[in-house]
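J.: Mind looking over this structure? Questions follow.
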Amino acid sequence: MSEAFFLLDREYRLLDVNRAALALDGRPKEALIGRTLWELTPGLDRTELGAQFLQVMENRRPVTAVHHQTWEAGHSAWLESRIVPVQAGVAAFYRDVTAELLAQTKLRETSQRLDAILGNTKMAVFLMDRQQQCVYANAAAEKLTGYSFEQMQGRPLHDVVHHTRPDGSHYPLEECPIDRAFPERAQTEGEELFVAPDGSFYPVAFTASPLLDEQGVPVGTVIEARNVEQERAEQARFEVLNRTGQTLAAELDLERIVQTVTEAGVQLTGAKFGSFFYNVANEAGESFLLYSLSGAERADFDGFGHPRATEVFAPTFKGEGVVRSHDITQDPRYGRNAPHHGMPQGHLPVRSYLAVPVTSRSGEVIGGLFFGHPDSGVFGEESERLLLGLAGQAAIAIDNARLFEAARRAQHDLQKRVAERTRELEIANDALRQSQKMEAIGQLTGGIAHDFNNLLTVIRGSADVLRRNGLSDEKKRRYIDAISQTADRATRLTGQLLAFARRQALRPEVFDAEQRITAIAEMLRSVLGSRITLTIHGECPDCFLEADIAQFETALVNMAINARDAMDGEGELTITIRRLTEDDPAFICVEVADTGHGIEPDMIDRIFEPFFTTKDVGKGTGLGLSQVYGFIKQSGGEIKVESRVGDGTKFQLLLPAHDEGPRDATERCSVEPVRTGGRILVVEDNADVRSFALALLHDLGFQAELAENASAALQKLSADPAFDVIFSDVVMPGMSGIEFGKLVRERFPSIPVVLTSGYSHVLVEEGRHGFPLLQKPYAADDLARALQEAQASRNGQPRGNASE
């Protein structure tokens with residue numbers, strides 16, 4: 001027997017007990033037989049179970065009960081007992097149901113938790129049985145469908161909310177994707193349109209999952225569903241807010257800001273139209289400026305003038321909070337202001353009304369956002385919450401735009417003031433430069449006039465004496481030499497001026513700086529005098545540089561003279577030759593250092609000015625250092641000065657270095673020995689120079705013909721091209737000498753062209769136009785040598801061979 005059993009007589013004495021009962025009790029059979037039930041279980045007579053034993057014994061009717069039993073050994077259990085009357089007395093059958101009760105309790109608790117979860121979730125949950133009839137629906141399901149569980153219980157869900165298509169036609173159950181999950185034993189999901197109790201349709205996203213038993217047989221279906229209409233609306237609002245936030249963050253134009261905000265407010269709230277009014281009152285303080293509209297035309301409001309500070313409008317502009325009304329026409333504040341006592345005739349219909357102040361960070365009410373709809377009850381708490389956030393964004397954007405505009409105006413004003421101040425400074429600087437220019441020109445022309453007047457005095461005096469009769473040959477020769485020497489000094493003077501202006505004609509050659517300085521060392525010593533020691537240090541082998549050798553030597557002589565005078569004829573002059581640095585070998589540095597009295601700091605910036613000198617009158621022209629400066633600059637170099645009063649002066653001449661040394665003498669072009677004769681075409685626009693050149697050429701043994709300009713020369717060449725050399729001025733009316741020379745080179749390539757000029761801009765271009773240039777003024781020997789070199793360059797070509 002699986003159940004526990006014991007038998008009592010009518011005195012409740014234990015007559016018999018089975019093995020299962022002994023196992024539960026834990027005591028041996030001998031300790032139980034013959035003892036009463038009350039002795040075996042003290043206190044039992046005071047329990048409901050004890051009363052049931054008494055009742056069965058008396059009434060002779062069986063009783064079934066579940067009770068909790070604790071035995072003498074201390075263990076306990078839940079028992080299910082059947083007390084049955086028998087002939088001897090009472091028989092009791094019982095079994096341990098503790099595990100079953102615990103399982104039921106857990107199941108009940110689980111069910112309660114599940115009910116709590118499903119009852120509070122926002123997801124609608126339906127449970128369908130084998131017949132696809134609804135056996136469970138949570139609160140969310142009731143809210144979704146609009147039906148109570150009692151209305152859906154025992155019916156297919158399809159028949160309740162999914163029976164009709166939007167066009168009004170019947171929707172067969174067999175076509176419903178929700179119900180296919182059960183027969184197909186597979187989960188289905190998608191979107192469908194449910195029918196509300198009022199006949200309207202709403203979109204639902206669903207998931208239908210079959211419930212399978214242990215053998216995989218479907219026993220029901222769980223359906224989850226949610227209304228996506230609200231989700232889509234929330235997503236749309238989120239997109240509007242996000243788009244508006246991005247626009248406002250990047251926008252600084254006030255008009256576009258308020259228009260963006262107004263349009264966003266209409267989209268967020270579902271308003272029919274919206275507007276933004278600036279808080280700019282008239283003198284009476286009762287009208288405000290309409291700035292933007294959405295959902296309506298400005299013409300709809302033009303006929304009503306500006307809004308006034310009515311009891312409906314004024315709270316918004318005073319910053320008193322949100323004004324929201326389901327029906328503004330029923331609001332107690334509505335219609336209390338004359339003359340219209342409400343909306344004027346022809347105004348857009350408004351029932352639902354929502355107004356939010358736009359307040360800056362400083363607390364200023366910038367304006368207000370106003371929205372309306374002809375239907376009542378359109379704006380709820382969600383609309384109010386959204387508009388408050390939007391108004392906050394608008395206030396920040398408007399504040400930023402105002403700050404930007406203020407900064408832009410301030411910047412514009414500053415730029416204007418800076419421009420005006422700059423113009424004033426430019427005018428002042430121009431005036432200063434003009435003053436300095438005039439001062440420099442005055443100093444320059446004064447110096448030139450002084451030196452040239454001295455030279456002209458010698459020339460004119462000598463010429464006047466030569467006009468006298470009876471002069472001896474010796475005196476004539478002395479005065480002629482004086483004129484020639486004076487002309488040479490004038491030539492050197494103009495050369496120094498051109499050097500300072502960097503307009504002299506340079507003939508750069510590659511040479512070793514140390515060798516060249518060593519070669520003229522004796523000349524420098526004679527210039528310095530016996531009481532000044534000259535020391536030359538060569539710190540780099542092969543210090544090749546590229547410059548005009550004659551001008552380089554002249555610069556060193558000028559530096560030596562300047563140093564001699566600074567040392568008052570006694571001291572030490574050191575010339576050091578080195579590369580500038582090991583890291584930057586592009587320049588050779590020739591350093592000239594003396595031990596003289598130095599240069600005052602306020603004089604250093606002026607020492608290279610022409611005719612500037614600190615020497616006594618008659619001690620110098622002031623052109624020596626200017627020649628050095630011009631030569632160095634024109635050669636692509638730099639000159640630096642370091643000096644301290646009482647410590648001497650150091651000049652650093654930096655000239656471009658050259659990687660290779662000079663060519664050997666055998667590689668240089670040689671000129672044929674000077675020969676007399678040759679036919680020369682002279683092209684010169686100045687009559688005096690033209691006549692002088694003709695006479696000079698005849699005296700030198702040349703046959704010369706004259707042309708006063710390039711056009712006349714071309715005519716002569718066309719008629720008779722048999723000339724050995726063309727000698728042409730550069731600056732002439734009409735065609736220049738350079739243009740003329742290029743034309744001759746094209747038409748008469750065998751005739752060489754020699755150019756001559758005294759203009760600085762022509763001299764500085766020497767070597768670039770491709771023709772030899774004789775600088776004015778020129779000596780007879782220089783002219784003869786230039787013409788003979790030109791003839792030698794013809795390489796024996798026949799004269800006058802015109803090109804085709």
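Start at 1 and count along the chain as shown; that gives each residue its number.
Cβ atoms are placed via backbone N, Cα and C, with glycine included.
Feature list, courtesy of TrEMBL:
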DOMAIN    1-60  domain 'PAS'
DOMAIN    110-162  domain 'PAS'
DOMAIN    188-240  domain 'PAC'
DOMAIN    447-659  domain 'Histidine kinase'
DOMAIN    679-791  domain 'Response regulatory'
MOD_RES   Asp729  4-aspartylphosphate
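For each listed feature, how buried is it and what is near it?
T.: For the domain 'PAC' (188-240), the model's average pLDDT works out to 87.
Long-range C-beta contacts of Asp729 (4-aspartylphosphate), restricted to its own chain and to partners at least six residues apart, with a cutoff below 8 Å, comprise Val683, Glu684, Asp685, Asn686, Val689, Gly737, Leu755, Thr756, Ser757.
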J.: For Asp729 (4-aspartylphosphate), what is the secondary structure by DSSP, using just helix, strand and coil?
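T.: Once the DSSP labels are grouped into three classes, Asp729 (4-aspartylphosphate) ends up as strand.
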J.: How many of the residues that make up the domain 'PAS' (110-162) does DSSP mark as helix, as strand and as coil?
T.: 27 helix, 9 strand, 17 coil
J.: Could you give me the DSSP helix, strand and coil counts for the domain 'Response regulatory' (679-791)?
T.: 50 helix, 23 strand, 40 coil
J.: Sort the residues of the domain 'PAS' (1-60) into helix, strand and coil with DSSP and give the three counts.
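T.: Counting residues by DSSP class gives 29 helix, 12 strand, 19 coil.
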